Amino acid sequence: MIKQFAEVIVDVPAMQTNQPYTYSIPTELINQVFPGMRVIVPFGNRKVLGFAINISEKEPDVSFALKDIEEVLDLTPVLNTELLQLANWLAQWTFSFKISCLQVMLPAAMRASYSKTIKLTSTEISPAVQKLFGDKNEIPFDTKTLTASAFKELSKLKRANQAEVLYQVRDRAKAKKVTAIQGCLSSDQLASARETLRANAAKSFQMLDYLTTLGLEQVTLKKAMQDSDLSAAQFTSAEKKGWLVKTKVEKYRDPYREAVIEQSQPKQLKPAQLTAVERINQAITDHQKSVFLLQGVTGSGKTEVYLQTIATALEKGQTALMLVPEISLTPQMVRRVKGRFGSRVAVLHSGLSEGEKYDEWRRIERHEAQVVVGARSAVFAPLEDIGIIIMDEEHETSYKQEDMPEYNARDVAIKRGEWHNCPVVLGSATPSLESRARAQKGVYEWLRLDERINGQPLPEVNLVDMRQALKTAPALDISAPLLSAIEQRLAQNEQVVLMLNRRGYSSFLMCRECGFVLKCPNCDISLTLHMDSRSMKCHYCGHEEAIPRTCPSCQSKKIRYYGTGTEKVEKELQELLPTAKILRMDVDTTRRKGAHAKILQQFGSKEANILLGTQMIAKGLDFPDVTLVGVLNADTSLSLPNFRSAERTFQLLTQVSGRAGRAEKTGEVLIQTFNPEHYAIQLAKNQNYEKFFGIEMNMRHRGGYPPYFFTTQIVVSGGSEAAVAKKIFGINGQLQKVLSPQAVILGPTPKPIMRINNQFYYQLVIKYKKEPKLEQFLEELLLSSQKDAARNLKVKIDRDPVDFV
Ligand code: ADP
Ligand code: ZN
Ligand code: ZN
């Protein structure tokens with residue numbers, strides 16, 4: 001009899017390794033377990049989820065008895081060969097555990113959830129315990145919901161060996177099922193059924209009529225009821241008579257079901273678009289794994305290039321992957337892609353429920369959808385035979401995941417392009433310096449769209465020097481030139497977009513008498529005032545408290561609100577422009593599902609004339625009547641402790657400027673700034689990316705930053721500052737021995753926000769060109785980090801970090 005063994009990567013928090021464990025496959029599961037399937041296996045005293053990565057018939061040479069696989073969760077592999085290999089690469093590239101790389105590729109619903117129950121093993125129990133258990137002998141054991149005293153009782157019980165804790169693994173993935181009916185009689189049989197009826201059985205005649213038209217087809221009960229005008233009870237009684245059978249069929253939760261989407265036709269391409277499309281099509285046809293940088297100003301028709309090259313891949317029977325930043329995955333964008341490719345499109349983004357995401361994932365897996373549009377994690381969509389991969393707004397930092405595995409979707413996209421031998425198109429108006437430099441060197445093929453489709457010049461951008469303007473400003477956040485520009489547009493019945501740059505901005509309560517600032521008790525940051533809830537909130541840990549009336553330090557009444565929030569600006573605006581209709585878009589107004597889309601829809605149908613918002617409004621919006629864009633505070637992102645702060649500021653200002661004058665009307669942009677001479681602001685004003693690129697490359701070269709050097713960041717965090725500092729200085733010492741003299745270590749230092757939720761954060765950044773021993777050192781650091789985890793010390797390794805705060 002044959003024997004089979006499975007190598008399994010298991011999910012054991014705090015005990016991760018990258019080595020698989022070997023399990024034997026029980027007889028009844030022989031030839032049913034394949035690489036890429038999820039399994040449940042025993043591990044110590046619990047059961048855990050794992051991924052089978054290798055099956056063999058050769059008995060491993062070990063001195064202990066192998067345990068059996070307990071259960072197989074899938075009938076077919078959920079990860080194919082490509083994705084399994086990609087997970088291996090990802091683990092190595094990002095210094096992550098394999099299990100987290102395997103899990104990140106699947107929709108959340110397919111990651112197992114664990115629950116604990118506690119089961120009595122003794123009958124001699126105290127009345128208090130009796131009360132907890134009631135008439136059951138097994139109850140959920142959840143530290144979050146149990147009261148402290150109940151928890152104490154149960155712990156005592158366990159120590160006395162009167163109860164055991166059981167771990168359950170649950171697969172949350174559930175297909176949604178609905179009832180369907182299916183005809184099961186021939187027309188002769190239906191005719192004879194008719195003869196047995198009494199003449200006044202009108203509903204039964206109606207049912208038989210309906211079943212005659214239905215034939216042997218299957219329809220959902222809901223549709224059958226609509227079509228036949230018969231009730232559910234009548235279908236049940238027909239089933240009892242043997243006229244039809246009821247079944248359960250799977251139903252996809254389609255998040256865009258309601259929306260009626262207009263078909264769109266390919267547009268006649270402009271010459272620059274045509275050149276780009278032809279080059280990319282050629283690469284599709286030739287199965288070239290080339291990377292293209294499609295650099296095109298906002299409104300230059302990049303999206304049309306995406307759509308037409310996707311069409312080419314589909315014509316060849318291949319599939320297409322299109323990545324967009326979460327924030328620009330607006331209904332407008334989805335409509336454009338669905339309008340072209342209809343039901344062949346699957347959409348993946350964070351606004352979907354777990355069930356909806358799971359359904360979209362399965363539509364892809366079953367080859368029912370050939371085009372995937374999605375945000376970061378969609379880069380792992382289970383598409384096969386990919387013909388083209390597109391990444392719009394390739395410079396966006398939201399493509400970088402901050403938790404393990406700390407991957408950049410751009411790297412993954414290129415890796416997948418290599419596997420599929422297909423082109424990867426990186427599109428942007430303001431490419432990342434890294435990509436633009438690679439295009440310069442010929443590593444990427446450079447395609448450019450330098451003109452807007454409508455022939456309109458880019459909007460005129462003017463700066464308002466707030467150092468002067470603030471003296472005569474009608475409100476704290478709105479200068480006189482901006483106010484008069486707004487008034488003028490409103491008088492012409494045009495629309496205005498105003499952006500408040502929240503990045504790096506703090507708004508806080510300060511005492512004018514003694515300078516006291518109200519801070520979060522758990523974190524090293526000031527609390528933010530929220531008008532809607534009339535409270536002070538911490539944006540990092542969620543701490544909330546009442547607004548103090550007097551200074552907690554000196555009791556003075558002169559405690560005042562400083563800084564700016566969208567709510568405050570909205571109020572200021574409304575006072576200055578009583579008749580204006582203002583829509584506000586920020587984290588607070590978009591928290592509810594669909595709220596984001598609703599605000600955009602209201603603005604699009606001109607229910608309001610001003611859209612005021614945070615960074616969220618900078619991208620992807622295309623409203624023809626917007627002729628003025630105002631940036632209230634350009635500089636706040638300049639002051640971030642990050643070598644990319646100029647690049648980010650430039651990108652943001654360029655992007656938001658692109659919202660003006662999209663159609664026939666010319667647009668204007670007004671930027672309020674305290675740093676009008678800064679090169680990022682000056683060049684954003686002139687919309688001169690190329691010059692910005694030149695200057696910024698120079699700065700990076702002098703500072704020894706990317707793209708000239710690589711960076712890797714190590715962050716240690718934990719509850720004890722002393723332990724955190726000791727650990728990071730220890731790592732620093734080891735690094736000194738491993739690195740060559742050409743490498744530079746910045747730090748170790750506390751992070752700019754050192755304490756969040758009572759955890760302390762220290763970091764160091766390594767800058768280097770070529771360090772042959774570094775990879776292995778970091779890999780070992782990762783593996784040894786599990787020992788530290790037991791002492792509440794976290795070590796995070798981040799290649800090419802984007803955030804330093
Ligand atoms: P980008 O993605 O570069 O910002 P878009 O693809 O949104 O630019 O194009 C801007 C506008 O021009 C859109 O309304 C789009 O429908 C339109 N457009 C694009 N290409 C063409 C074309 N070849 N002919 C006519 N209109 C076009
Ligand atoms: Zn806090
Ligand atoms: Zn005070």
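Yeah, the Cβs are placed from backbone N, Cα and C, and that goes for glycine too.
Bear in mind that the values here come from a model prediction, so they are computed numbers and not experimental data.
TrEMBL lists 283-449 with the feature domain 'Helicase ATP-binding'.
Per TrEMBL, Zn(2+) 1 binding site is recorded for Cys511, Cys514, Cys551, Cys554. Cβ neighbour count for Cys511 (Zn(2+) 1 binding site) (all protein chains, 10 Å cutoff from its Cβ): 21. Under the DSSP three-state reduction, Cys511 (Zn(2+) 1 binding site) is assigned to strand.
Taken from TrEMBL, the feature Zn(2+) 2 binding site applies to Cys520, Cys523, Cys538, Cys541. The Cβ of Cys541 (Zn(2+) 2 binding site) lies under 8 Å from the Cβ of Cys520, Asn522, Cys523, Ile756, Asn757, each of which sits 6+ residues away along the same chain. Mapped onto three states, the DSSP output places Cys541 (Zn(2+) 2 binding site) in coil.
Per TrEMBL, the feature domain 'Helicase C-terminal' maps to 546-703.
Long-range Cβ contacts of Cys554 (Zn(2+) 1 binding site) within its own chain (separation 6+, distance under 8 Å): Cys511, Glu513, Cys514, Phe516. Close contacts with ligand 3, defined as a Cβ under 6 Å from any of its atoms, occur at none of the binding-site residues Cys520, Cys523, Cys538, Cys541. In this structure, the CA atom of Cys551 (Zn(2+) 1 binding site) is 18 Å away from the CA atom of Cys538 (Zn(2+) 2 binding site). Proximity of the binding-site residues (Cys511, Cys520, Cys523, Cys541) to ligand 2: a Cβ under 6 Å from the molecule is found for Cys520, Cys523, Cys541. Take the CB of Cys551 (Zn(2+) 1 binding site) and look out to 10 A: across all protein chains shown you find 21 other CB atoms.
Most Cβ neighbours within 10 Å among the binding-site residues Cys514, Cys520, Cys523, Cys538: this distinction goes to Cys520. Surrounding the centroid of the Cβ atoms of Cys520, Cys523, Cys538, Cys541, where the record places Zn(2+) 2, the chain contributes additional residues within 8 Å, namely Pro521, Asn522, Ile525, Leu527, His539, Tyr540, Gly542, His543, Ile756, Asn757. Excluding Cys511, Cys514, Cys551, Cys554, which define the Zn(2+) 1 site, the same chain contributes Arg512, Glu513, Gly515, Phe516, Pro552, Ser553, Gln555, Ser556, Lys558, Ile559 within 8 Å (Cβ to the Cβ centroid), listed in sequence order.
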